[in-house]
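**Q** Got a structure for you, questions after.
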Amino acid sequence: MPGAAEAVNGRNKYVVIDPSDEPELDAAGLDVRWRRPSASERRSKERFVFACAIFASLNAILLGYDVGVMSGAIIYIQKDLHITEFQEEILVGCLSVVSLLGSLSGGRTSDAIGRKWTMALGAIVFQAGAAIMTFAPSFTVLMIGRLLAGVGIGFGAMISAVYIAEISPAAARGTLTSLPEICINLGILLGYVSNYAFSGLSEHINWRIMLGVGILPSVFIGFALFVIPESPRWLMMEKRVPEARAVLLQISESEAEVEERLVEIEEAANLLKSTKSEDKAVWMELLNPSPSVRRMLYAGCGIQMFQQITGIDATVYYSPTIFRDAGIKSDQELLAATVAVGFTKTIFILVAIFLIDKVGRKPLLYVSTIGMTICLFILGIALTLQKHAMGLISPRIGIDLAVFAVCGNVAFFSIGMGPICWVLSSEIFPLRLRAQASALGQVGGRVSSGLVSMSFLSMARIISVAGMFFVFAAISTVSVAFVYFCVPETKGKTLEQIEIMFEGVKEWRGGEVELEDTQHLIHNSKKSAPALPVPQVDTKALTFDSLNLGLHPPLSLPVLGRNKQPSDLVPVDRNAGGGSTVRLSASSGRRRRTTLDTRYGPLWPHLLPSNLAANSAINSRSSGWPRSNTMTALLRRIQSPVAASTACAPMALRRMPGNGLSTTTSASR
């Protein structure tokens, strides 16, 4: 049997760590691969990652600006082009539906030409649409430009979050992937300010300038292409390993972290390759999903849908209509009130960016959905009182209450549902599905947005504007239950850990966690454990390919799988150089088969539970399991007996610094 170091060399082309290797030491005597960068180096890398995320988020400004500017421009388009209320609904709402074309085709396009060039394509298409709208002489031409702009927005909105998730470290991914939502809010604010700034011009000119200003953000996207790198995950999918490594060196703290992330990405890319080798198309897997993928789709598409059907687009697009219903008469005053809404939305999204990786996704979603529900009820009550109980409150109080409720609604939306929707939709899907599934997640959101936008005025005529917000409040109440039952907490987990989390674990948790406690892992309790505990093995449930070949003392370390069946670790070979190889090789009733080879150094005679050998090189391989998902077995010294725990993603092969007595293994489950 070849040593594990040789096996690792055959499996992992990025780094080989062998017990006999002499590490390269720095001036302080530390392995340079594990030296943490200086504070200035770390800040420089953090700034670079942040700059990449900002540039990638510029596409989201296009969406936000269009949403904000159309709410005011439509007032003057009605007067200039003499469009009907039905045409107004179509013009406002069609962008959400048409952007689906961009989102759905964007997944395939991004896999073909890369993430950043897909963003560039979206910006170009939007520029063409905005230019046509600016010079439109009629409603028909205006609609053509609107349709083109929608396709471009669909491209950009889908791929921005995917790109940011793929370049971000796990600890900052929530913050960075919320940047598109921040840029949407900034775009909405710019749209409102543009409406107010140009409202004094003639009705034939002002709305054209309002729409034409939207071209400017897409110009900056062109400059961004010379700054941001391509996604390292996409480069790995294209087998451009040196380029992927170069990108990771720019955004990672150390070479060791680069190797970790390369191994992690390779595991996911290999899964993608095996999926393709089985000729199972990605779209077929999404449309006929496994239970784990179905759970991902429930969470990803569901959160996108609830984001829209709680009425945020109706609040933003039709805020002048809402404020007019509340009692504001002047166009200038209407537009000034919308600017207040835009400022509120932007301020609270900035608050969210600092909380999303500290507090977590679910707590913020609870605050957001509950707060939105309360504000929507208050808005419905305020509009009802203004309409039917004028004598109970003064008109000014009614207006102030309505403005307060609208601002409160967008504030609670921006602190949770807004940014976290982008975060979840970009991080819960595995690499093989990420681009297409993120695009599919846009379907729920865009269709819901289109239905709300294109039906709001018609429905308001039937049940009143106040009645519409009571409906939105009821839907928002349902969204609280959806968050509780369907949305997991993903804070601090790698993208591959999140994938494993959807595999049916009863508790939505990941990372390095103990499997129950030591007594469940090793059948001998700590008090009665001998120096070398030997577990009770259910031979009916488990068969071993490798048996004890006579090495003494034998080592038995149980590792419990998800179905609570123990596996065993037994020595199978002894090397001439004083090292030994142990193999875990077991199969259970669910076609699960795992093989794990570990080469220990000369410390083998002392390999007791209280003295695990450090600096072990490990290889893992698996066969016979139809759809490999990745698991990590972490064997570590916790005095006696030895405990095992699992993490939900592969960990890099590494030496433990100093006198660390841990062996980290990466196995396929």
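Even glycines carry a Cβ here, placed using N, Cα and C.
Feature annotation from TrEMBL assigns transmembrane segment to 48-78, 119-137, 143-164, 176-193, 205-228, 334-357, 363-385, 397-425, 462-487. According to TrEMBL, the domain 'Major facilitator superfamily (MFS) profile' annotation covers 52-491. Feature annotation from TrEMBL assigns region 'Disordered' to 569-592.
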**Q** Where, among 143-164, 397-425, 462-487, do we find the most CB pairs under 8 A to the transmembrane segment (48-78)?
**A** 143-164
**Q** Could you pull out which residues elsewhere in the chain have a CB under 8 Å from any CB of the transmembrane segment (363-385), counting only those six or more residues past its ends?
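**A** Same-chain contacts beyond the flanks: 306, 310-311, 322, 325-326, 352, 355-356, 392-393, 398, 401-402, 404-406, 408-409, 411-413, 415-418, 420, 464-467, 469-470, 472-473, 476-477, 479-480, 483-484, 487.
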**Q** Cβ under 8 Å, sequence separation of at least 6 from the ends of the transmembrane segment (176-193): give me the contacting residues as numbers and ranges.
**A** 49-50, 53-54, 56-72, 157, 160-161, 164-165, 168, 210, 213-214, 217, 316, 335, 338-339, 341-343, 345-346, 349-350, 352-353, 356, 414, 418-423, 426-427
**Q** If you average per-residue pLDDT over the domain 'Major facilitator superfamily (MFS) profile' (52-491), what number do you get?
**A** 85
**Q** Give residue numbers and ranges for long-range contacts of the transmembrane segment (334-357): same chain, 6 or more residues beyond its ends, CB-CB under 8 A.
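**A** Residues 68, 71-72, 75, 171-175, 178-179, 181-182, 185-186, 188-189, 191-193, 195-196, 199, 315-316, 319-320, 323-324, 328, 364, 403, 406-407, 410-416, 418-420, 423, 491-492.
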